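Participant: Below are the features I grabbed from TrEMBL:
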- B:4-188: domain 'Glutamine amidotransferase' (DOMAIN)
- B:C79: active site, nucleophile (ACT_SITE)
- B:H181: active site (ACT_SITE)
- B:E183: active site (ACT_SITE)
Amino acid sequence: MLAKRLIPCLDVADGRVKKGVNFVDLTDVGDPIEIAAAYQQQGADELVFLDITATNEHRKTMADLVERVSRQVFMPLTIGGGIQSVADMQRLLRAGADKTAINSAAVAHPELISAGAQKFGNQCIVVAIDTAWDEQQQRYRVYTHGGQQATDLDALTWAQRCVELGAGELLVTSMDRDGTKRGFDDRLYQALGRVVNVPIIASGGAGKLADFTDVFTQTPVDGALAASVFHYGELTISDVKQALRTEGVPVR
Amino acid sequence: MFAIVDYDTGNTLNLQKALAYLNVPTTLTADPAVLANADAVLLPGVGAFGAAMAALEQRQLVQPLQALARSGKPMLGICLGMQLLFETGLEYGQHAGLGLLQGRVVPLPTDRGVKVPQMGWNQNQLQRVNSPFAAIDQQYTYFVHSFYADCPAEEVVASVHHGVAVPSIVQRGNVVGMQFHPEKSGRVGLAQLESFRKMVVTNDASSN
């Protein structure tokens, strides 16, 4: 049986790892390679690097970073942030990434999903979706550009469309929960699990052990992503895995 | 020196990085003479079975690889490279493989309540106790694939469960295959590459 995955997310700006709380207030927490090696040691199942500056210059820096990390760290690496084209994906995959995550560019140009999937295989294409509950419309609405631009897209419909186009995995962030430490948006992941059949990674809201056991026992997600709780040592990967094991959740 | 078969099929660089980390020198080559002089031949691969065999044929590597395997050269196929070691592949039609191991490569069933492709960490169950790769037992390794080897038990060193029993390590003498990515499986994966290296050294000692 496949193990459920714990995925630390490293937000990268200027070659350093940052964590934005609710997408603002950056705090420096260190060197990407050292952190990646430490997470491998701790038993993280995968790492996500997000380029949060995402200019052309930074994209090149990101490929260099992936190249260096993949010489020292032997685990699946997903890279996202500012990927605009198949050429961007190719550069990152060649540098040593296993998957590339696209977000705003996928909304603007959905054909990028299918082009990437055809060239590299579905397993290389992760679509990242930022969403928040719209109380008035009673639905989850998709946001782009780091959560700053609202779209008319319904998150569940968009998720299905992404999968039809060839997304091999969905990384879905609840903006309502991101940075709050109030737990994952379990209702969102339950709803997603009913409409798509590719791996779903939950993101946003991790604060305590029970948040992880809840999302893995109450929803069909395959992985849970977190940043600050891991970066600041509030929870360790092994604490979380022990708690999951106790609940009968398969972990590595 | 380990030779990695260069036939333009996917990411060989991460495999090279893992071997470099273990201080194993590698060369990427499509030259049969270089393959013949290497201590071991590594066959990586990502993509579809038929396209990969066509790429090997185009480079006139099918017969040299078969001859090297039969001469006792240690050979390690990884992911699709492992699948190519078998007789037949049923991905987008029926294709002949290298035929070094008995069995055929078939789609993972989609009606067993598991997601296909299998993508993630799965736990190995050792099937052959006396194996250079026995340390794999109960350990998790990283898989990304949609097809698997349907083969006789005698070829199987270890397997994982994903709807069906999926061979994760296969071996017949000097020919070894790993369905998972050892270069992406943390210290467990590196240890398996190390086990292969030990097998190569032992093979070398016994043939001298």
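Positions of Cβ are set from backbone N, Cα and C atoms, glycine also.
From a predicted model like this one, the values you see are computed outputs, not experimental measurements.
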Participant: What Cα-Cα separation, expressed in whole Å, is found between B:E183 (active site) and B:C79 (active site, nucleophile)?
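Facilitator: Distance (Cα to Cα, whole Å): 11 Å.
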Participant: Give the number of CB atoms, excluding that of B:E183 (active site) itself, located within 10 Å of its CB.
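Facilitator: Neighbour count, Cβ to Cβ under the 10 Å cut-off: 28.
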Participant: What mean pLDDT score does the domain 'Glutamine amidotransferase' (B:4-188) have in the model?
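Facilitator: Overall, the domain 'Glutamine amidotransferase' (B:4-188) comes to a mean pLDDT of 95.
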Participant: So what sits near B:H181 (active site) in its own chain, CB-to-CB under 8 Å and at least six residues off in sequence?
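Facilitator: The list for B:H181 (active site) reads B:N14, B:I78, B:C79, B:T141, B:Y142, B:F143, B:V144, B:G189, given in order along the sequence.
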Participant: Which secondary structure state does DSSP assign to B:E183 (active site), in the simple three-class scheme?
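Facilitator: Reduced to three states, the DSSP call for B:E183 (active site) is helix.
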Participant: Give me the count of other Cβ atoms within 10 A of the Cβ belonging to the residue listed as 'active site, nucleophile'.
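Facilitator: Counting Cβ neighbours of the residue listed as 'active site, nucleophile' within 10 Å gives 26.
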